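A short write-up of the structure that comes next.
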Amino acid sequence: MTTSTRGAAKVPAVLVLEDGRIFRGRAYGAVGETFGEAVFSTGMTGYQETLTDPSYDRQIVVATAPQIGNTGWNDEDDESSRIWVSGYVVRDPARVPSNWRAKRSLDDELVAQGVVGISGIDTRALTRHLRERGSMRAGVFSGEAIAPEAELIERVQAQPHMKGASLYEEVATKDAYVVPAIGEKRFTVAAIDLGIKGMTPYRMAERGIEVHVLPATASVEDVYAVAPDGVFFSNGPGDPATADGPVALMTAVLERRTPLFGICFGNQILGRALGFGTYKLKYGHRGINQPVQDRTTGKVEVTAHNHGFAVDAPLDKVSETKFGRAEVSHVCLNDNVVEGLQLLDQPAFSVQYHPEAAAGPHDAAYLFDRFVSLMEGQRA
Ligand SMILES: NC(=O)CC[C@H](N)C(=O)O
């Protein structure tokens with residue numbers, strides 16, 4: 001399929017960072033203005049999954065890979081019902097997308113969904129800036145008449161920070177739904193949607209799990225009404241320090257000793273339920289090439305990440321928590337950030353990264369099998 005990019009390629013655009021740094025380029029996708037936290041992602045592929053991951057709500061994503069859009073946009077790889085990033089920053093958009101599954105260009109999809117982007121800027125310089133100074137608030141402005149820089153900087157500085165942002169209720173489903181088991185049904189799981197990606201229930205379903213996806217505001221009664229063999233807490237946007245409701249719900253699940261698995265935001269919620277703190281990373285981990293060590297086996301896996309916050313738990317000792325002993329099960333080999341937690345006295349664990357791997361390598365798929373083993377163990 002071939003679609004050429006739209007006329008917007010000639011419209012001027014500017015990316016403005018809260019510290020006053022300005023990058024000038026051309027409009028990409030919708031023309032207009034947008035605000036969010038500027039973050040970079042190192043994935044060389046998988047932009048469709050990235051853009052539709054609800055964890056990216058209110059973030060302006062910078063692609064470090066210079067060429068973006070080469071495989072267009074298809075009808076299969078969305079991780080949710082829409083694009084969630086607030087803006088997209090690329091160096092060199094594909095002029096002619098080409099892939100057997102492509103239905104339209106990325107550019108056309110951004111326009112159709114009203115997502116403002118910018119192209120033609122030095123994304124390497126921008127990434128180095130964000131790495132040195134940290135992720136920060138930003139705005140993208142495009143059109144023939146862009147306001148003076150000082151005014152734009154002021155408007156960016158008036159935006160809310162990511163630290164302290166409570167966003168998971170905004171992106172989560174309002175109504176419960178069921179993802180049926182593929183093949184013979186072996187287990188029932190209640191999955192708390194804090195911004196869940198479509199691949200996550202699928203990874204459970206293909207292991208014989210019937211997944212009841214419940215809204216972020218589900219009560220303990222709602223969870224146990226589905227008679228779950230296990231409870232799952234999903235990924236999600238915003239600052240985990242604001243997620244008091246999910247922390248209280250998880251605490252109730254831990255009190256009942258129901259097998260529990262959490263991913264990303266879910267890992268941060270387990271950290272909080274155990275009494276650890278969370279903190280904001282300088283520039284976070286985003287991409288599909290992050291090395292993580294599973295300290296329970298010693299194996300290293302290459303994994304998909306998207307997190308700007310992390311759990312503050314000791315790496316070198318077993319912690320005593322109100323749910324017994326807990327330890328850091330996984331660690332990022334780039335920077336020693338906590339990438340997983342496990343309880344030693346009851347069936348509960350979580351990882352900070354994305355074993356559903358959409359997009360990304362499948363090294364971490366064993367974690368879904370670990371969840372199944374916990375549920376089997378509880379039955380035995
Ligand atoms: N993917 C996620 O669940 C992200 C969790 C959290 N919003 C963070 O940025 O750390």
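Each residue, glycine too, has its Cβ placed from N, Cα and C.
Keep in mind that TrEMBL annotations are predicted by a computer and have not been checked by a curator.
Residues or ranges marked as region 'CPSase' by TrEMBL: 1-185.
Look at TrEMBL and you will find 11-141 tagged as domain 'Carbamoyl-phosphate synthase small subunit N-terminal'.
According to TrEMBL, the feature L-glutamine binding site maps to S55, G236, G238, F265, Q268, N306, G308, F309. Summarising the environment of F265 (L-glutamine binding site), the number of other Cβ atoms within 10 Å of its Cβ, over all protein chains shown, is 31.
If you take the C-beta of C264 (active site, nucleophile) and look for same-chain residues 6 or more apart in sequence within under 8 angstroms, you find S55, S234, N235, G236, N306, H307, V351, Q352, Y353, H354. Secondary structure at C264 (active site, nucleophile), as computed by DSSP, is coil. The active site, nucleophile annotation in TrEMBL covers C264.
In this view, H354 (active site) is surrounded by 27 other Cβ atoms within 10 Å of its Cβ, with every protein chain counted. The active site annotation in TrEMBL covers H354 (among others).
The Cβ neighbour count for E356 (active site), using a 10 Å radius and every protein chain shown, is 28. Under the heading active site, TrEMBL lists E356 (among others).
Here E356 (active site) is positioned 14 angstrom away from F265 (L-glutamine binding site), judged by their C-alpha atoms.
Confidence annotation: the region 'CPSase' (1-185) carries a mean pLDDT of 95 in the model. Fewest other C-beta atoms within 10 Å: among the binding-site residues Q268, N306, that description fits N306.
Ranking the binding-site residues G236, G308 by other CB atoms within 10 A of the CB puts G308 at the bottom. For the pair G238 (L-glutamine binding site) and E356 (active site), the Cα-Cα distance reads 20 Å. All chains included, 25 other C-beta atoms sit within 10 angstroms of the C-beta of G238 (L-glutamine binding site).
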